[in-house]
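Here's what Swiss-Prot has on this protein:
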- His58: O2 binding site (BINDING)
- His87: heme b binding site (BINDING)
- 1-141: domain 'Globin' (DOMAIN)
- Ser3: phosphoserine (MOD_RES)
- Lys7: N6-succinyllysine (MOD_RES)
- Lys11: N6-succinyllysine (MOD_RES)
- Lys16: N6-acetyllysine (MOD_RES)
- Lys16: N6-succinyllysine (MOD_RES)
- Tyr24: phosphotyrosine (MOD_RES)
- Lys40: N6-succinyllysine (MOD_RES)
- Ser49: phosphoserine (MOD_RES)
- Thr108: phosphothreonine (MOD_RES)
- Ser131: phosphoserine (MOD_RES)
- Thr134: phosphothreonine (MOD_RES)
- Ser138: phosphoserine (MOD_RES)
Amino acid sequence: VLSPADKTNVKAAWGKVGAHAGDYGAEALERMFLSFPTTKTYFPHFDLSHGSAQVKGHGKKVADALTNAVAHVDDMPNALSALSDLHAHKLRVDPVNFKLLSHCLLVTLAAHLPAEFTPAVHASLDKFLASVSTVLTSKYR
């Protein structure tokens, strides 16, 4: 459960991401594909090379979903319901992959926002991404 301080930290950190959200989303995906090659199996139709338009496009989708989750941090289950349905029923993404992408997002944010990425912000973002992952996997049951 996100505390009021966590919510404040997440909103402030995501506010710093701003216009770079899509780029950071794409970078996190690239990190995931390189670090965890099995995740590529969900994207057989993508050009997964560095700078690929398809990876950039999906990175923007990831970032937009996270922006939506930040905006609706108190009601993520409703805000992410359609996305949860998509990943559980149509795409059938293994839930472990959300943890892998979350890790890569944290690394990407730490690399780009070193001054803002304090231990408290790191912990808050980690809890937030875990909450998003929980919501996205809630319809697997």
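Backbone N, Cα and C define each Cβ position, glycine as well.
Where Swiss-Prot records a feature, it is marked here on the structure.
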| residue | record | contacts (Cβ under 8 Å, 6+ apart) |
| --- | --- | --- |
| Lys11 | N6-succinyllysine | Val70, Val73 |
| Lys16 | N6-acetyllysine | Leu113, Glu116 |
| Tyr24 | phosphotyrosine | Val17, Gly59, Ala63, Leu105, Thr108, Leu109, His112 |
| Lys40 | N6-succinyllysine | Phe33, Leu48 |
| Ser49 | phosphoserine | none |
| His58 | O2 binding site | Gly25, Ala26, Leu29, Phe43, Phe46 |
| His87 | heme b binding site | Val93, Leu136, Thr137 |
| Ser131 | phosphoserine | Leu2, Met76 |
| Ser138 | phosphoserine | Pro77, Ser84 |
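Here the C-alpha separation of Thr134 (phosphothreonine) and Ser3 (phosphoserine) works out to 16 Å. The number of other CB atoms found within 10 A of the CB of Ser3 (phosphoserine), across every protein chain shown, is 10. Cβ contacts within 10 Å of Thr134 (phosphothreonine), excluding its own Cβ and spanning all protein chains shown: 14. Sequence-distant neighbours of Lys7 (N6-succinyllysine) (same chain, 6+ residues apart, CB-CB distance under 8 A): Val73, Asp74, Ser124. For Thr108 (phosphothreonine), the count of additional Cβ atoms within 10 Å of its Cβ stands at 23 [all protein chains shown].
Mapped onto DSSP classes, the domain 'Globin' (1-141) shows 113 helix, 0 strand, 28 coil.
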